[in-house]
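**Q** Before I ask anything, let me first share the structure, which is written out below as structure tokens.
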């Protein structure tokens, strides 16, 4: 029921259009079935009049037939126009709701959401079929079927019972039987499809290596095997669809025979006019259009509800710390860590018993070998991860209690993986400060040592960087992100290898710019560059997830392991 409420909540803002679309679809359906029945009566009446040599008024039924044809055409066009527009409006509401929900997700959950991005996209696209493919056919059947039964009951209760039973069999029972048989096949098909996609992606990414190793033909065999597995599952699915269609056709034809069995005695006894026999036969045959789309709706219903369950949980998830107001923070301690521990799920790696304090305006470096816990510690400080145990305070308050909107307004971070949006250099910079003027943009680019590159491009600030910044080198993309942080001017700046991908000259220039601009700000950086370490007030040396030592760069150089660590990495 909760999933239905969620789906209907998406439709509620556009209820007016949905009702108009339903009315037009119902009008088109009634006109089509009535047109078929009246045409049967008209042809039978004309034949009967001709055989008996009598005259009849054929203008009125001919006019009704033309009128119904016009109504069917106009209503059919109108319902397609309105219902597709309603679908687009529902999708707009859904996509805005999903994106708004994603912006509220804590950063520590984004890794799992990223892994399910393909599923999320499939769920949103699947709800594209909710209104037209699921809800509309069900509503049409609920409205039209009682009306159809009432019309038949005017002629014969037995005829009504036989016809409605046949419609329920074709529209409900047979689709339920088909869905039960397709359930396991659908699971296997999805698994086969996923495996084939993985094989193709791996082959595309590793094509160079496969060619160099001479393993292309062997790998193509794996792809061919995955393709055959998918084709076999699809064939099984199509076989069940064919059985369903065959049975539905058999039921409809069998129903016509039962109609004749019921109606012929009524005609021979004089209880019914003979021309009504043809009309009622075509009326019953046309009545199957009421449930024509129900099988597909029933099959899509389960998948739609499953998708809506996942999206509902995403949209309805509790908001994290949004309502809490943050007053003026005057504490001199930016960060205070006490016995901090973090362990990755299913792994023993992480950090253990970390304790130190970072004061306002202090410059702190975190060093350590690969796997020592540097990136984990930085993720904890930026609230991307939540500690397993221990205390982590920011401005003398638990970090987890701070308003996340406030936190990310005052916290800047330059990670190793810098995402560049598929837009212009200007638009990427404006993400950091949307009210920045061109002078401020150029100043940030100058300080990030990117001005010369941008100035030489044809469109300068309006230069498009391509998907993921593919037209930029790694160093240029990194300097673009440094320019973003310079524009933001956050109270606390977290840097993960800020000079990575830069040559020695640009390293010094970027470091000078960062230290000058963030002279009074708190800077925490993961680095092994001696030039940057010499500028630090404190260095935290991590080893196997623990603090080995703290002090200035000069103080720690008395440790041979520290000298070896910074020298080797440099």
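Placement of Cβ uses the backbone N, Cα and C atoms for every residue, glycine included.
Remember, TrEMBL labels are computer predictions, not curated facts.
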**Q** I'm validating the feature mapping. Which of 69-90, 91-112, 157-178, 179-200 is tagged transmembrane segment in TrEMBL?
**A** 157-178
**Q** Return the stretch with the most CB pairs under 8 A relative to the transmembrane segment (273-294), choosing among 20-44, 130-151, 157-178, 246-267.
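**A** Looking at each of 20-44, 130-151, 157-178, 246-267 in turn, the most contacts to the transmembrane segment (273-294) are made by 20-44.
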**Q** Mind checking which residues reach the transmembrane segment (130-151)? Cβ under 8 Å, same chain, six or more beyond either end.
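**A** Answer is 7, 10-11, 18, 21-22, 25-26, 29-30, 33, 83-84, 86-87, 90, 160, 163-164, 167, 171, 283, 287, 290-291, 293-294, 296-297, 300-301, 304, 308.
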**Q** If you average per-residue pLDDT over the domain 'ABC transporter' (329-569), what number do you get?
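**A** Across the residues of the domain 'ABC transporter' (329-569) the model's pLDDT averages 78 on the 0 to 100 scale.
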